[in-house]
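Copied over from Swiss-Prot:
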type: DNA_BIND; residues: 231-311; note: DNA-binding region
type: DOMAIN; residues: 1-32; note: domain 'HNF-p1'
type: DOMAIN; residues: 93-188; note: domain 'POU-specific atypical'
type: MOD_RES; residues: Ser49; note: phosphoserine
type: MOD_RES; residues: Ser52; note: phosphoserine
type: MOD_RES; residues: Ser75; note: phosphoserine
type: MOD_RES; residues: Ser80; note: phosphoserine
type: REGION; residues: 1-31; note: region 'Dimerization'
type: REGION; residues: 66-85; note: region 'Disordered'
type: REGION; residues: 323-348; note: region 'Disordered'
Amino acid sequence: MVSKLTSLQQELLSALLSSGVTKEVLIQALEELLPSPNFGVKLETLPLSPGSGADLDTKPVFHTLTNGHAKGRLSGDEGSEDGDDYDTPPILKELQALNTEEAAEQRAEVDRMLSEDPWRAAKMIKGYMQQHNIPQREVVDVTGLNQSHLSQHLNKGTPMKTQKRAALYTWYVRKQREILRQFNQTVQSSGNMTDKSSQDQLLFLFPEFSQQNQGPGQSEDTCSEPTNKKMRRNRFKWGPASQQILYQAYDRQKNPSKEEREALVEECNRAECLQRGVSPSKAHGLGSNLVTEVRVYNWFANRRKEEAFRQKLAMDAYSSNQTHNLNPLLTHGSPHHQPSSSPPNKMSGVRYNQPGNNEVTSSSTISHHGNSAMVTSQSVLQQVSPASLDPGHSLLSPDSKMQITVSGGGLPPVSTLTNIHSLSHHNPQQSQNLIMTPLSGVMAIAQSLNTSQAQGVPVINSVASSLAALQPVQFSQQLHSPHQQPLMQQSPGSHMAQQPFMAAVTQLQNSHMYAHKQEPPQYSHTSRFPSAMVVTDTSSINTLTSMSSSKQCPLQAW
């Protein structure tokens, strides 16, 4: 006997014997601790001192609880497998108290399951619960088992004590018979249940009738009802068969009509009955798992809300990513709009002196796109004396100050012209340098020049954001260059003096008045484009005098 005990058990026995407990007293205590035939458990504290040995002859006390919980008992996953420290649950007490034939059959079934493999029985119970959508909470409420221990026993085969397994098997046998009775109910009984439920609803709406019709016997029954209504009502749970049907219907129609929902109700109830192995005509036996039209409506509404929420999350994530990607571009600038890297000698300063000593300071950025260098002008007019120069004609000129000086004669506001220079790293044959100037200055040039030819020049209607459309403007004057040499001689090193257009506009030294054209060109949407700019190519400005009056430059779009 001693050889089968562990070292800890041997130490415990030695401690008991050394405390004064005799062999006979120890054997008697062990016999009293054995389980009784009615599944009762005798709990008695063994004496730890010799003086308490006289009290061992007292009768043992059965500690039973109605709810299956006790302060001194171990938790569901503690103790050995065959420990007897688990109190008798109410379900076992009820089964033992019944003397009917049905109770005897249930006890025989429980004994048979206890004698079989626990893991095999656990898998059978788990499959039955999944088939009928039974939550583990219901088993815990009835048997008093620990839910964590129950889940581990059903899913992993964790060892469970005999008393606990007996309670679990008792619940399983009873649940089988209960569900079988539900599905075997006749249609008449189902109608009676419907009438009873409608009567209960009327009594709920008008409680005064229930108080008047309630007799003394009914009040006693009401007092005894709370003990039977401690268990919570099972929450409705969608089965896998119904979910598959609903998801397929959701793919076809996200918001079905009432007729479609009713058809889905019949289809889901039929699938639930087939899942449980019963005829679809017995759908009323589903009980709390019965699918209704309201539940189908709520299911579709919840799916639509979930889909809308997922779409919102996706759009928020996309917008945040776009903002994150744009931050470096806003701080460092676009790679297609980097400032020009031309040498400083290309930005030589030139100054025009008019009688009023007017100075126009501007700054511009050269943007590179492909092989052509486009000059985007955004100037800030600081001091402008000619009254005909509209302050709205603001252009940005190069970063380096451009000052042009010419002695004698008044000039049109060509000082607002941008500093055009050829880039050293671009092919000059492929570069196309454009000059932008206010339309008022161009009209003054057109009035002061003397020619018989007409030439079309594309005009850009400038707005604050430089977004415009080009239109042709007719010139009826001729360019002649009697004063080109003085300008080129005064500033031989100037880059602006080498441009034909800049040399051509300096011939108006004797003109001090800005003549206005009698028939100005018509522009579309003049209210939206109050000012206009002339854009032309510096390499082709010398061809203005040679082109015929019937030719016009094609319209360009920004």
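Residue numbers in this text run from 1 along the chain shown.
Note that Cβ sites are derived from N, Cα and C of the backbone, with glycine treated the same way.
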(message) As a test of reading the model: what is the averaged pLDDT for the region 'Dimerization' (1-31)?
(response) 79
(message) Per DSSP, what is the helix/strand/coil residue tally across the region 'Dimerization' (1-31)?
(response) 24 helix, 0 strand, 7 coil
(request) Sort the residues of the domain 'POU-specific atypical' (93-188) into helix, strand and coil with DSSP and give the three counts. (result) 76 helix, 0 strand, 20 coil
